Amino acid sequence: IINNYVDTTQGGARDKASPSGLHFRDSKRKVDYVLAYHYRRRLARHAPGAASPERTRGSASVALVSNGGTGKGHAEPQQQDDGQCALWEWPGLPGLEAVELSPLDALEEEKRLQREEYERNLLEAGLEIEKDPENKSQGLSFVRIHAPWQVLSREAEFLKIKMPTKKMYEITEEKGILKTLNEIWCKLTEPLQPQVPRQENTKMKNLSYPFSREKIYLYNIKDKDTFFDSATRSRIVREILKRTSTKARNSMGIGTLIANNVYDAAYPLHDGEYEGQNDDMNERKLLYQEWARYGVFYKFQPIDLIRKYFGEKIGLYFAWLGLYTGFLIPSSVVGIIVFLYGCITIESDIPSKEMCDQRNAFTMCPLCDKFCDYWNLSSACATARASHLFDNPATVFFSIFMALWATMFLEQWKRLQMRLSYFWDLTGLEEEEEHPRPEYETKLLQKKLKNKNITTENSNEFCHACYFVCVFCLQNEKEKLTCSDRMPGYAANVGLILFMIMLTFSAVFGVIVYRITTAAALSFSTNETTRSNVRVTVTATAVILNLVVILILDEIYGAVAKWLTEIEIPKTEKTFEERLILKAFLLKFVNSYAPIFYVAFFKGRFVGRPGRYVYVFEGYRMEECAPGGCLMELCIQLSIIMLGKQLIQNNLFEIGIPKLKKLLRKLKDGRTEQKEMDTNHSKDPQQWDLDYILEPFTGLTPEYMEM
């Protein structure tokens, strides 16, 4: 392997892996990130009498460790003149003949070369790499990455990461009655507090400042290995992986390589296992015991520990979720009281009493033109009584209460967000200070090189050889993408969003047509029971159909919103997330609430009158509300959509499918390991083996969208 050496002096290198599974084999360098890939070795033909490569290596397992050297034993392609498959020769291994590659082998060889080039570029960026030996015909292999202090400090300065300095200042506490109330509240809620380590001195705080190597004396560096926490180290390595490219076409970092199946996954390691008999306590196990279990649902969240372990974005999400869940308690209590009030006063409701009175024989016009008969208003008694449960004088109070509740929730979240931003040092980072996204920088480089009329081949070589120099030059020259550069993306955004909204309206109209035609068809039935339950049958089946359409379009709109945001080429991650949320919210809001808005505000408004009805198609009258109004149907629609989405989309998609994928991946890798058992392979799985089985994190946008 280029820029690595083959260490054959350590017999059983795998057995000498770090005991904790979190470090290199020297048990000193911490594993900050892991790349995983499946490999498939091709069995080459050997010259007569030549020793096989396996026999020449001996029985010791082979460890590949980076040391910055240059190896000479890599494969070199020899292209045939007739355009046939490439021939590969190994100059460093005598006795190996040139072998014609099958298409599958050629693809595997291309992936291997891309991995070698990518890992070589990572080494040139300053990262340190440790690899597993590929000593089986096929299997799963891991590339472990460590970021030394030089790389961490350089990238922290590059990304303007705020770090604590030696300067400390006192935090002013609340005084008077607010302090007394706060102390009483802390005493009352002490049993609900999670048992996690807390900051000893809460009155003093370190002043934070964007990291600078020139002013390193200002920072409170007690140990260089622990100065940057795990979340920060992972973030820095992730940025390097995203910006390191290969010469392959359209290669833009690790994301492209994973999409092209060069690598299977890229992930940071957890601190260890959270279950089992192991007595070693780590932050992951502590979070599980005090937060991520159903048994501790009543406790407050350890927000600071969540932020320390997962990072600021996930910490802010769970802070928001905790506040939202807490605010839902009073609103649900008031909602239950309003519902109970409707149950108590149902017998005294005058409209429903008049409708249910058999003495008032109100004869109503037929619901359809040909086969429907006149009917009595008292037959709609049950619908009218049920509507009173959700539409009574107390619901007016509940509407006012919810308007005030929403305002109070937003203001309280603003307050909590500012408080957390202050304590977590998230304030003061302006958008122009945030580092541009790799896609934006790549597009900017392409624009600059295009303006200079440099050929594509030269631009690729220039980009990969002088990437960071180019970035700094672009920052100094203050170049940026103009509106004309983004115009194709904007045009595609407007056109596709309008098309998607019209698609949603078409789906709603299709369900309306289904309701009208189904109601007419069931009215022709000779079965008396079927004719009497037409409205209930049509409403229930139409809502279920609506739910299926909403779930399908939800998934489509999520993918479309992400693609539309990517072709806009936003400059920073913050801008990217804001635009993605705006598009996804717009499309999913229209998708989820268009049928509900129709029932609430439009259904029954365009029916016409006896003798002059409005028809959708010839012979099909426009649908109308039930005699008690559309509110009961609206309640059915809301309940089925909300509960259906909660059960199917949230529970099945978010819990069931990830568990199923994890099980399938575990079984697949288990079968691969069983086929070729390596005697030197450690029986105890390392942390990178365990974390590989986990489902990849897809971001917070779906979580916010669900709420």
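Every residue number used here counts from 1 along the chain in the order it is shown.
Note that Cβ sites are derived from N, Cα and C of the backbone, with glycine treated the same way.
The compositional bias 'Polar residues' annotation in TrEMBL covers 1-11. The annotation compositional bias 'Basic and acidic residues' is assigned in TrEMBL to 13-23. Taken from TrEMBL, the feature domain 'Anoctamin dimerisation' applies to 24-303. Per TrEMBL, the feature domain 'Anoctamin transmembrane' maps to 306-707. If you look up TrEMBL, you'll see 1-23, 46-81 marked as region 'Disordered'. The transmembrane segment annotation in TrEMBL covers 317-341, 394-410, 490-516, 536-560, 580-601.
Between the transmembrane segment (394-410) and the transmembrane segment (317-341) there are 3 or more Cβ pairs closer than 8 Å, counting only residues 6 or more apart in sequence, so the two stretches are in contact. Long-range Cβ contacts of the transmembrane segment (317-341) within its own chain (Cβ-Cβ under 8 Å, at least 6 residues beyond either end) map to 300-301, 303, 306, 389-390, 392, 394-395, 397-398, 401-402, 405, 408-409, 412-413, 416-417, 420, 700, 703-704, 707.
Mean pLDDT, taken over the domain 'Anoctamin dimerisation' (24-303), works out to 77 on the 0 to 100 scale.
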